[in-house]
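Reviewing the structure listed below.
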Amino acid sequence: MGLFHHSTLFLPLLRRSNEGPHGEMPIGHYTRLSEIGRGSFAVVYKGVHTRSRTYVAIKSVTMTKLSRKLKENLASEISILKQLHHPHIVALLDCHDTTSNIHLVMEFCALGDLSHFIKGRNTLQDSPYTRELIAKYPNPGEGAGLNEVIVRHFLKQLSSALRFLRDRDLIHRDIKPQNLLLCPAPSSYRSGAADVVPFKSSEDSFSPKTGLESLPMLKLADFGFARSLPATSLAETLCGSPLYMAPEILRYEKYDAKADLWSVGTVLYEMVVGRAPFRAVNHIELIKKIEQNKDQISFPSKNRVSEDIRELIRGLLKQHPMDRMNFDVYFAHKVLTEPIPGLVADDAPLGRSPADPTPRPGSGSRRSTPVQMKRENALSGGVRDEPATYPAAQRAMTQSPRPETPSTPMRRTGSAGTPHAAPNEPTPPASHPTRPSPVSLATAPGRQEHVDRPPTTTVVEQQRRRTASSGVPQVDKPVEKAKDEKEHAAQEVAFERDYVLVEKRAVEMNAFADELAYNPRMQGGQAGAVSRRSGAAPGTPPAGGSSPHASPSKAMQIISGRSRADSAHVRQNSYDRRYGQSPTSATSAISKALNMASGRLFGMSFSPPLTITKGGRSPPLAYNPFPAYPSAQTSLIVHADGGKPGANLDEDSKTVHDLEECATRSDVVYGFAEVKYKQLIPLAPSAATGYPGDPGSDAVDSADGGLTVDAIVTLSEEALVLYVKALSLLAKSMDIARVWWTRKSRGDTLSRADTGSTVAGNRINNVVQWVRNRFNEVLEKAEFVRLKLVEAQKRLPSDHPSHPSNLSVGSSLGSGTSADVVVSPDVTAEKLMYERALEMSRVAAINEITGEDLAGCEISYVTAIRMLEAILDDVEVSRPGQSGGADRADARRDNEDGGQNEPQAVILAKSANAWHSDIENPESPGVAPEEAGAAVESVHAPVQWTGQNAAVESGASLPCSGSHAAEIRTLTVRSMQDHAHFAPLLFSIFISSYSSSISCPSSCGHC
């Protein structure tokens, strides 16, 4: 979860301007100096060897903040690093324990990481440390990343480290540019050009095994997720950084060491092109993009990289491991084995083979020397001998302000993007800070006596001619640029957490969804079945009743404000199954109106006149509603005799009903949580304008949208509890499906030619896939909100009620990560949902009386009903075979007892739910409407009905004056007379809005 993120922390010149230098602190043979990076669990400092005055990086981990899993990862990292001694792997120099901290002393990599080197490639010529490099090997230009010579150099060194790991059956599992650290060229140490001289654990610590000594040296870092995995074994833990994660890991499948090769392919592509091959807002969308790409790796038209590199990238970026090249083929590829082409005359390759194999552990390596003994003594606490000597060089430390960045968990403390040349005069640590030097060289202060070598013009001219003769027109594409900006902004938010760790529950849910999706018995006749992790198969026309613009879910679409085409999916099936369609029933007309309204329930036309904090909507316009798959209009619940859902339902239909009801409730809660989430995240650059008329669409003033710390805490708490509630409902939905599937698997009943059972199975499978995708999405967002909350709480004054020290443990939310999340005692999902339901209904009722936005009134009423049903979900657990009458009887008994032991919100919702069910089924005894009204009479001020009461009594507002209208009028008048205030209007007022727009269902001749 960000603890083991070294690469972004080796940038000592990039300090916050409001942070003072930390006091020096002795740690063994080292002195800890200024802080250079901070994460959720660790702080990284610059350090210096006390005797030699050479530099190290010291990572101080606070053990009290770590969960058991993170402690295991830390112990694993220490254990692995103690065994790894290779020039292209960051070495662990020493380890010191205290009562509350572990201090890891690591090799210092002065040039930062490869990510910032790539991002700052256009400013490298401004630094004396890379000026010569860029003069010899200039950047190819637009549509490209680094010069191919530099790309091949870094790839050879990375491959050398990977071969070393493979010889020891180790997989890294988190290879990415941020974990590839760079050191100044080894030749710069010999010439005395490098100011920041790192501590050397051995003679060859900074002597490359392959590549060029005149170019920066690459080292693989961050072994927090590494593990031993023999060639015949498979792993199944999802961990690492999503953007560079292999598809098999994203799909929660077992994987082997080939997962590292995919990551190498993504890194190689980014070095060549300047961006990752697949970019998405979260790991769910990422796997969709990878699968939709179908191994067709394309390159920008202006990119002139060689065909050998393209072939290697395409061989590495195969989404199926069986199709991906193996390690033997990879290590034997000519890009790694042949000399680097295009070198200048004075950059002769090293004498070693470019892919110099490293010996196996027992084959007598270079480490069987006194140096190794010294290293082992140091790791065990012994006194370290003096390191290998360097040429005399002026060693001075310069402190530079780190640009202010949004407060985010385990963020990268890299360059602000526009680096400047280092100062001419070195200054002591206490001097005034200077501006940051170039991105990749942020930790290296400038040297006054730096010697510039004359640039070689041959390669420069060759590169320019190659670019000029490419024949590609230099056409600006503002549309693509804007799209990239929005995608990048969304990506920065989504990947603010550097790692994804999925708990066991999520893995189980995804495994069950996969089992159901790929079971042969579920495949036959599956109309409109979803593809893996998709809303609908690409190019598949939606079934009747679905939006023709269906598209896969965008988990964080709301960031950029783009319209969600798939949010227009109708929800008729959800209500067809609940309400009968008998032409002889008054309630069937009401259900028909509900069905008509449900099509707009979460569509783009949603416009209830509602506001919340900062003007958010509930639900927001742009999120993926349930169901997110094309579905036919046929209802499994409606029988030929027009009967209603009841005891006569078969098990399949009852399961479908319960499953879709639970999923729909989770969707409503999710929509409410999205309102809070939307206010916590910054908009993309091109989405500064919100929806028309939305009070919350003001320009964002800062990364937090101009929110105060108090507001961030409040919104984070509310979003978190709502997301947790949505997760519980989604988990319950999956449990319902799992019980059904277990029963079906035992009985093998799906194998028979039963049309109803097959349709039910397909429908359940569709819902399960939707639930799986939504669960993964909500889990991702809940973790983001959790980190946001934890960080915001720490920024509060110590006497603030929401400060962690002032919150009791009893109000904590269990967290499977580092520590419990503590929320304010008065923030609960049920309270928020109850108040929101009343608010929506109250405003809708006023609009209904005045005749404004009747369609929005219907939507608000139905949404509020679902929200109250979600509150009741923990009380009335719906299981297959359980009758609805028992639930209503329980609700009535609770009300008759006066609800002594239950909150008033639950009493009201129970009464309302039972009475609402009685309206659907008038033949069954129900709760009188006045019982529901009495529950809130003492809380809500009455608002008297005016002319509409008389209008309804006389039938003037009803389009049907026949017997059906009379039945509807009877129900409506009874409810309106018994409910003279709007609090219980969910169960009375909405009927009148439907009655004003209902057409006769049976053409009685009076309409």
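Backbone N, Cα and C define each Cβ position, glycine as well.
If you look up Swiss-Prot, you'll see Asp174 marked as active site, proton acceptor, on the strength of sequence analysis. Note on Asp174 (active site, proton acceptor): other Cβ atoms within 10 Å of its Cβ, all shown chains, come to 25.
Following the DSSP three-state reduction, the secondary structure of Ile36 (ATP binding site) is strand. For Ile36 (ATP binding site), the count of additional Cβ atoms within 10 Å of its Cβ stands at 26 [all protein chains shown]. If you look up Swiss-Prot, you'll see Ile36, Gly37, Arg38, Gly39, Ser40, Phe41, Ala42, Val43, Val44, Lys59 marked as ATP binding site.
If you look up Swiss-Prot, you'll see 373-387 (among others) marked as compositional bias 'Basic and acidic residues'.
Under the heading compositional bias 'Polar residues', Swiss-Prot lists 396-410.
The compositional bias 'Basic and acidic residues' annotation in Swiss-Prot covers 477-489 (among others).
The compositional bias 'Low complexity' annotation in Swiss-Prot covers 534-555 (among others).
The annotation compositional bias 'Basic and acidic residues' is assigned in Swiss-Prot to 563-579 (among others).
Among the features that Swiss-Prot reports, compositional bias 'Low complexity' is placed at 805-817 (among others).
Under the heading compositional bias 'Basic and acidic residues', Swiss-Prot lists 887-896 (among others).
According to Swiss-Prot, the domain 'Protein kinase' annotation covers 30-336, on the basis of sequence analysis.
Annotation comment: Swiss-Prot describes 343-489 (among others) as region 'Disordered'.
Under the heading region 'Disordered', Swiss-Prot lists 524-586 (among others).
The annotation region 'Disordered' is assigned in Swiss-Prot to 795-817 (among others).
Look at Swiss-Prot and you will find 878-900 (among others) tagged as region 'Disordered'.
Distance between Cα atoms for Arg38 (ATP binding site) and Asp174 (active site, proton acceptor): 19 Å, as a whole number.
Taking only the Cα positions, the spacing between Asp174 (active site, proton acceptor) and Ala42 (ATP binding site) is 18 angstrom. Under the DSSP three-state reduction, Val44 (ATP binding site) is assigned to strand.
The 10 Å shell around the Cβ of Arg38 (ATP binding site) contains 16 further Cβ atoms across the protein chains shown.
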